[in-house]
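First the structure, in the form of structure tokens, and then the observations on it.
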Amino acid sequence: MSSEKLKVKHSLRAYFCLILLFIINLINYMDRFTVAGVLTQVQTFFAIDDSGAGLLQTVFIIFYMIIAPFCGFLGDRCNRKWIMIIGIAIWIIAVMASSFVPANLFWLFLLLRGVVGIGEASYATIAPTIIADMFSASKRSRAIMFFYFATPVGSGLGYIVSSNVSSLLGGWQWGLRVTPMLGILCILFIIVVMKEPKRGEAESAIVNSKQKTSYWEDIKAICKIPTYVYATLAYTSVIFTTGTLSWWGPTAIEHSIAMRQNLNNTHELSNEQKNSISLSFGIVTVVGGILGVSAGTMLSQLWSHGKWCFKPIKTVRSDPLVCAIGSLFAIPFLFIGLHICATNITLAWMFIFLTVFSLCLNWSIIIDLLLDIIVPQRRSIANSWQILISHLFGDASGPYIVGSVSDWIRGSDNSPAACFQALIKAFLHT
């Protein structure tokens, strides 16, 4: 076979692998937010308060972030394809099992949601490094952008699918059983079709000049890179906000609508109303996320190359600047969106959309920045420790903290008005 045909074959395989990784990432994020889409039903079934509901996400993230460094270690040293297969298999079993837990065993449901985090960590840690080994330069930036479209799209679909499937089949548990079935197909495609690229294949000169080092030496090396350290700290703040908003957002809106209709609680809302809330939140997340991820990557590239209006202010620091601007604008948008939720839901949706858009400017840029500054043999480790730190102080603690503060503010008053006001105040105080 000629070198030209080999090049075309390699390129097609790389794009197919990218699409497959995107689909798996999409399903992962769908699963992560299926519970959020039916959270009030889960609370009723297990008879738990806001702090208990927040603990569901916290336990998931704790397991997720604890296993991430171990997966990072393996990802730089072992076959990444089989690490992902094992991780996805664990995730499928845990999700399916969690949908059969009886009402008196909340601790078991909590534990299984944690095990789901173990499965997802094996994939999230490794997938970006595989993409980095298949693409380079601007192609890699676009590939990472496409891969991270799955974050908002999957999150939005999680709300929509879980709520609608639960209503259609008469139980919130059915909403959790959709993603494992899709996950089985993904495992088959990985086994049959996917071929793992060599580490640093797109940057062979760097790989050939790099000697093997110990795990501790790798950690010390990445900690000496200021850009990596500061980017991780900033990313943690973004994760705290997005994780907390995505978990409690639909629930807060349900309380606000029940309050406006003078209902005694959210259980009196019709299935159509609940589905409409999940659908709206899902659409806002999907559209705002896609536009945000796209805009972030494009703005960063235009700025770094000095094109169009960025010609007079061309800079190599475009990545962190775009991230900073997005985070800065998200603050007032979130504040306004939460405050007007009870009086003008349409305007509130608009500001929530702007919040999601602004925060998602960061998503692919942060990972692309990491891949630029870390050598191929240390990328899985660097990504895993960024996951650990950002989730430990981000969405591992965020949902539980907000839920606990909400319970403390609300006291024994379980009316929709009290629940809504308590959640909003908890958002703003944390």
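FYI, residue positions are counted from 1 along the chain as it appears here.
Yeah, the Cβs are placed from backbone N, Cα and C, and that goes for glycine too.
Database features (TrEMBL):
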TRANSMEM  12-30  transmembrane segment
DOMAIN    17-430  domain 'Major facilitator superfamily (MFS) profile'
TRANSMEM  55-75  transmembrane segment
TRANSMEM  82-101  transmembrane segment
TRANSMEM  107-131  transmembrane segment
TRANSMEM  143-162  transmembrane segment
TRANSMEM  174-194  transmembrane segment
TRANSMEM  228-249  transmembrane segment
TRANSMEM  277-300  transmembrane segment
TRANSMEM  321-340  transmembrane segment
TRANSMEM  346-371  transmembrane segment
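Where the transmembrane segment (346-371) meets the stretches 82-101, 107-131, 228-249, 277-300, the count of C-beta pairs under 8 angstroms peaks at 277-300.
Each residue in the domain 'Major facilitator superfamily (MFS) profile' (17-430) has a pLDDT score, and their mean in this model is 82. Remote same-chain partners of the transmembrane segment (321-340), defined as residues 6 or more beyond its termini with a Cβ less than 8 Å from a stretch Cβ, comprise 231, 234, 237-238, 241, 245, 252, 292, 296, 299-300, 303, 315, 347-348, 350-352, 354-355, 358-362, 365-366, 424, 427-428.
With Cβ pairs under 8 Å as the measure, the transmembrane segment (174-194) is packed most heavily against 82-101, out of 82-101, 107-131, 277-300. Relative to the transmembrane segment (12-30), the listed stretch 143-162 leads the set 82-101, 107-131, 143-162, 228-249, 277-300 in CB pairs under 8 A.
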